[in-house]
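Single-structure report; data block below.
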Amino acid sequence: MNDISHSPSAAKATATKAPPEVPQESAAVPKMRAEKVSVHYADKQALFDVDLDVPENQVISLIGPSGCGKSTFLRCLNRMNDTIDIARVSGHITLDGENIYDKALDVVELRARVGMVFQKPNPFPKSIFENVAYGPRIHGLASAKRDLEEIVATSLQRAGLFNEVKDRLDEPGTGLSGGQQQRLCIARAIAVNPEVILMDEPCSALDPIATAKVEELIDELRENYTIVIVTHSMQQAARVSQRTAMFHLGYLVEEGPTDMMFTNPTDKRTQDYITGRFG
Amino acid sequence: MSDLIIVGILLALMALGYQVALGRYRKVTGRSEVRPHSRPAYHGLLVAIWCAIPALAVIIVFGLFEPVITRYVILSALPPEVRDLPTHELRGVMQRIHQIATGFGIVGEARPYENVAATRLGTYHAIWNFALVALVASSAVAGLVYTLRRITPRLRARNEVERVIRVLLLLCSAVAIMTTVGIVASLLGEAVRFFGFVNPLDFFFGTVWNPRFSSVGAGQGDFGLLPLLVGTLMISAIAILVALPIGLMTAIYMAEYASSHLRNIAKPIIEILAGIPTIVYGVFALTVAGPFFADLGAAVGLDISATSAFTAGAVMGVMIIPFISSLSDDIITQVPASMRDGSLGLGATRSETIKRVILPAALPGIVGAFLLAVSRAIGETMIVVLAAGNSPVLRFNPFEPSTSVTVSIVNQLTGDTDFASPQSLVAFALGLTLFIMTLGLNVVALYIVRKYREQYE
C-alpha cells in the first residue's frame, strides 16, 4: 500500500487492493514512526524490534493478548517508560521526523505534543475546572483568566462533557461517574493541544453506555488529532480504528487496515486471536 | 506463693478441661445423627474459657474485699485508745502492723498491741489464702463440669468462643482508654488542689516564675506560667523551623528522586536519628552544639549564649527530622502512581507534579506528621534540661538562656517533694496545661485534615 493519505476513507479504499503486510512507503511522512524498538525491564525483554508507522489523523489500535507488549509500546511513544527505573528502551522513534529519544529533545515538550489517557480514569483530586486547567497552566498556554476559562470550556466541549458539568465546574473531578471521569481525562489531555493522543485501554473500566460515548468521542477527535489506542476489545478496535496492529509475546505480528485485519488476516496468530482461539 | 499455686491450678484445670471436652465431644457426636455445629477445638476452648471465667471472677471479688477485711481484722485487735487516733496516725500504725506481719521489719521497737495485731493478721492471711485457693479451684471445676454437660452436637461453641474473644479485645482497648481517662482525672484533681493555693489568673497570666521562695519563708511563691510557656513555644518553634523544611524535603527526595539503591541505604540511617536517646542529644547540645553556636555568634557579632533556646531548639529540630521525613515519605509513596502518571503524561515536570498533585494529595498525612512532631517538641525534656540554660525568666530573645514547661515539672518534682504544697502541686497544673495544648493541636489538625482532604479514590 503506497498511498496512505490523510483521509481515512481513501485508506480504506486502497486497503483492499494492496497486500496489507507491505510497509508504507508513502509520500506523506507518518506522524510517528517506530523502527526496531525494543524494551527491556531489567533483564527481561518485553518488546522485540517493533517497526510501526502511526499515520496522521487516523486511529490506530494495538491489540493482542495480555502481556504482549502493546501497552509497553504505547508508553514508548511519549517516553512514559522513562518514569520506570528499570525500563530501557532501544531503537528509533520519530515524531514528525524528529527522534524523540534524542538527548537534545525535551521530554516535557514531547509529552505536551503526545498526550496520554490512562486505563483507569485518574482525575486529580481537584475541581473539574482545575483538572482541565492543569496542563494549560503548567505550559503557560493562557495569559489571562479569560483565556484559561475559554480553553477549559472548549476542551470540555470537545470531550463531550461540557453540558453535563458546566454548572458545577468547581466541584471535585473525582465526584463524577467513571465514564465522565474518563472524558474529563480526555478533556484534560486535549487542553494542552497535543498532536497525538495515546489511549491505554481507555474504556476497560467503563460500562457499555459510557464506552459507547467515549468511542463516539474518539471518532470525532480523529479530525484534529492522531490517536493510538490500546484495546482488549476486538469490537472496539473494529468500531473506532482505521488501522490495527496485532502484538504477540513482544513481537508485532502484523499491521494493516482494520477491516482487512478482521476479515482476512495473513498471520495465523492474528486469525486465532480475533476468532477467540487464544488470548 | 499462693498466687503461683492459683495460676498453676487454673492452667492445669484449663488444659484438663480442653482434653476432657474433646473426649466428650467425640462420644456425643459419635452416637448422634446430627451434623455437629462446631469443630472439636472450639468445644475444648469453650470449656477451658468457662473454667477460667468463674475463677477470675472469684479472684477479682476477693481482691476487692481484701483491704476492707484486713482493716477490720486489724482494728478489732487494737486497743480502743489506739483505734481512736486521728486518721493519718492510724494509717501509720496499720502500716507498721502490716510490715511486722509480713516480716518486713520496722523502725524502732514494736509495741505489744502491735505484735498482737500482727499475729492476728498473719493467721487471718493464712486462712484467707487457703480459702482463696479452694474457692478458685472449686469454681473452676464447677465451670468445667457445667460447660462439659452442655456439649451436644448442636452447641454453637464456635459462636460463643468468638463472643468471648470479642469481649477480650474490647477489654484490652478499654485499658488504653481508661488509662487516658485516669491520667486526665488525676491531673485535673491535683491541679484543682493547686488552684486552691494559687489563683488561676496569677498562674496563667503571671510573668514571674519563682516557686522556691515560699518553701523557705512564709508567703506565696510566684507561679507565673508565661515565662515557661514562652520558653516552650520558642524552643518548639525553632525546632519545627529546623525540622519541617529539612524533613519534608528529605521525604520528597527519598520518595520521588532517590534510586532504590540509595533509598535502601539512606532511609535507615536517617531513622537512626529517631533511635538516639534524647539525653545523648542533650549532652551533644551542651558540649558541642552550644559552644559552636556561641563561637559562631561571636564571629558574626551576635551575642549567643552557649545554653539558649536556640541551641535546644536547633538540636531538638535535628532529633525530630526523622519523624517528619519518615512519615511524610510513607504518605507520599502512598499517593497512587496514576496521579503521577497523569501529571507527567500532560508534560508536567517532576517538581511541578510534586508541587501541584502529590503534595496536595498527601497534605492531610503531612499535617498529621507535622503535628506529631510539634507534640514531640512540646513534650521534649532532656534536651531542654541540658541545653536551654534553665532560666525561667520572661524573655523573647532566642539567643538567651530559657526553659520550658516540662523542665519546670522536673525541677518541681525532683528532690524533696511534699504533695500537699503548691510547689509540688504546680507540676500537675503545668502537666494539665501541656495536655490541653497538645489536645488543642490535635483538634486543629483534625479540622485541617477534614477541610483540605482531597479524595483520590
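In case you wondered, yes, glycine gets a Cβ from its N, Cα and C as well.
What TrEMBL records for this protein:
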DOMAIN    B:229-445  domain 'ABC transmembrane type-1'
TRANSMEM  B:6-25  transmembrane segment
TRANSMEM  B:45-65  transmembrane segment
TRANSMEM  B:126-146  transmembrane segment
TRANSMEM  B:167-188  transmembrane segment
TRANSMEM  B:225-248  transmembrane segment
TRANSMEM  B:269-292  transmembrane segment
TRANSMEM  B:304-324  transmembrane segment
TRANSMEM  B:357-378  transmembrane segment
TRANSMEM  B:425-449  transmembrane segment
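Sequence-distant residue pairs (6 or more apart) of the transmembrane segment (B:357-378) and the transmembrane segment (B:167-188) include fewer than 3 whose Cβ atoms are under 8 Å, leaving the two stretches without contact. Here the transmembrane segment (B:6-25) touches the transmembrane segment (B:126-146). Their Cβ atoms form 3 or more pairs under 8 Å, with each pair 6 or more residues apart.
Sequence-distant neighbours of the transmembrane segment (B:269-292) (same chain, 6+ residues past either end, Cβ-Cβ under 8 Å): 250, 306-308, 311-312, 314-316, 318-319, 321-323, 325-326, 380-387.
Across B:45-65, B:167-188, B:225-248, B:425-449, the stretch most heavily in contact with the transmembrane segment (B:126-146), judged by Cβ pairs under 8 Å, is B:45-65. Listed as Cβ neighbours of the transmembrane segment (B:225-248) (distance under 8 Å, sequence separation of 6 or more from its ends, same chain) are residues 203-209, 309-310, 312-314, 316-325, 328, 366, 369-370, 373-374, 377-378, 380, 384, 388, 392-396, 398, 402-408, 430, 433. For the transmembrane segment (B:167-188), the list of distant contacts is 428, 431-432, 435: same-chain residues at least six beyond its ends, Cβ to Cβ under 8 Å. Cβ atoms under 8 Å from those of the transmembrane segment (B:425-449) belong to residues 184, 186-188, 190-191, 193-195, 197-198, 203, 211, 223, 225, 228-229, 364, 367-368, 371, 374-375, 378-379, 405-406, 408-409, 412-413, 419 of the same chain, restricted to positions at least 6 beyond its ends.
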